[in-house]
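Read through the structure below, which is laid out as structure tokens, and then see the notes.
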Amino acid sequence: MTLANKDIAVDLIDKVESLSREDSKVVHNAVDPSPLQQRSKQEQRLLLKQDLAITLVLSGCYFWAYLDRGNIRNARVMGFQKDLRLSDRQFFNTLMMFYVGYMVFELPAALSLRFLHPGWAYGSAVMAFGVFSTCLSSVHSYGGVLGLRLLLGCAEAYLQTGLVYLALWYKPGEMGTRNAIFYGLAPFAGMISGLIAYGCEKNLNGVAGFTAWQWLYIVEGVPTVAWGILTAFCVPTLPEKLPTKGHWLFRSKTEQILIMSRMEQGQNSPHAKPVWWQLWWAIKDPKTYLGAFGIVASVLNIVVLGNLLPTFIKAFGFSPLDTQLYVMIPYAFATVLSPVAGLISDRVHCRTIPLCACISVSIVGYVILLSTTLPTALVAGCCFVASGAYSGLVLSATFIVVNHAGYTKRASALAIAQILAQLCSIMSTQIYTHPPHFYLGHGIILGFNVVGLLCVVVMYIIMSRANRQREMTLAEGMGRGDIPGSDASFEDLCDYHPQFRYSV
């Protein structure tokens, strides 16, 4: 146990002298970082509260974000592009502007989390992109669409800091499942968006003087604002600020102490602030870019489906109304399989093999899309791409978050991965210009998936070798009566700390 851990343990014991013997035992067990220990009943209750107030609420935020960013694809099939007299190039530029805003705001959002109340920050972001999405129902010009899509990207960028925020509340071995919950409603949003679009086109077209695509923006935008208000109320402050800031769900002193001990076991340092040298360490770490290409592959698959899936399916020969229903099929597969991937990776304590399997599933999907013209086979190919994409995003994001220590380094590594992903997403909006088979676009994205797969394998080799070397160093040090790294924290040395172990 490091000196930092000992100091925290002593502090916790001092704070719980007045607690009952049973509660004292709970806290003592929480400080023990042994991976073999069973969770106490109190820790199980705490995890349930965290899942309800944090993970599920943020997952809902991501659901509405994905619904609002992707409704333009359904609106296009419903006449949005035609009514605004947009050329294909102009439409693809409106898709691109979202990723420009996302990319520019990603890193500042990640670093600002330590200075803002997360509940108000996430709540305000959700309300903002709900308003911007609703405003798209009243836009009448190309410039207006560009501006609102840019603002939508800026607002949604803040949600990606949710992974860094979750890492403050959960241990590394719990992150796969929580990330699966966080991202789990995204494919469900893709599935239900087709149903909402179908309902708008069939029942609301012309009602109150609005077209079907205008109703689509209203129906999906207004509830988003309401969810933002709920988010501001539910999501608590940072763990170390609970004793002073408080929260209606975590009032117990014992729970607050348990939260702090779990935060320490998650290789976090309380009151850590953004520091520039950790940003530099993230920039020059090869693992940052290897992990980034793993996430780029999954993000590109999701972006392509999110922006163009209705266009693909309509090009397969289906009517505009039927297209909205067929869009649901690939997302239904992804909705079922995405949470399973995160759960399995946590249960078997393995990240690399499930992640490689997910990327490989998407690769199979693109091979199908490139090798056949049968409509049913093409829909099946989209199902493969969607299933691998969302499951891969869960695992690739977890791969980055749990394998970087130090608040700024972890946040920066994830932000760099997201920035690269958005750059590639901008590229993806410009390459699907040759319908109905889109061979050029599919071929380029297939290449990115192959590169992502290779990068994950290389990252596995590097981290496994580092783990073996650190085990040898630890054994040698203990033989001399010296524990390596006992005089430094994870915030001091990040994932280069001798006692840090990569989760592979």
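The chain as shown is numbered from 1 upward.
Here the Cβ of each residue, glycine as well, is placed from N, Cα and C on the backbone.
TrEMBL annotations: computationally assigned, not manually curated.
As written in TrEMBL, here are the features:
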TRANSMEM  46-67  transmembrane segment
TRANSMEM  91-113  transmembrane segment
TRANSMEM  120-140  transmembrane segment
TRANSMEM  146-168  transmembrane segment
TRANSMEM  180-200  transmembrane segment
TRANSMEM  212-235  transmembrane segment
TRANSMEM  289-313  transmembrane segment
TRANSMEM  325-345  transmembrane segment
TRANSMEM  352-371  transmembrane segment
TRANSMEM  377-402  transmembrane segment
TRANSMEM  414-433  transmembrane segment
TRANSMEM  439-462  transmembrane segment
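Between the transmembrane segment (352-371) and the stretches 46-67, 289-313, 439-462, the greatest number of Cβ pairs separated by less than 8 Å involves 439-462.
Simply put, out of 146-168, 180-200, 289-313, 325-345, 414-433, 289-313 has the most Cβ pairs sitting under 8 Å from the transmembrane segment (439-462). The transmembrane segment (325-345) makes no contact with the transmembrane segment (212-235), as judged by fewer than three Cβ pairs under 8 Å among residues 6 or more apart in sequence. Counted over residue pairs 6 or more apart, the CB atoms of the transmembrane segment (212-235) and the transmembrane segment (91-113) come under 8 Å in fewer than three pairs, which marks the two as apart. Among 146-168, 289-313, 377-402, 414-433, 377-402 has the largest number of CB pairs under 8 A with the transmembrane segment (180-200).
Same-chain residues lying 6+ beyond the ends of the transmembrane segment (289-313) with a Cβ under 8 Å from its Cβ atoms: 66, 69-70, 72-74, 76-77, 95, 99, 186, 190, 194, 323-324, 326-327, 330, 355, 358-359, 362, 378-379, 382, 385-386, 388-390, 392-393, 396-397, 399-400, 403, 413, 416-418, 420-422, 424-425, 428-429, 432, 435, 438, 441, 445, 448-449, 451-453, 455-456, 458-459, 462. Stretch with the largest number of CB pairs closer than 8 A to the transmembrane segment (46-67), among 91-113, 120-140, 414-433: 120-140.
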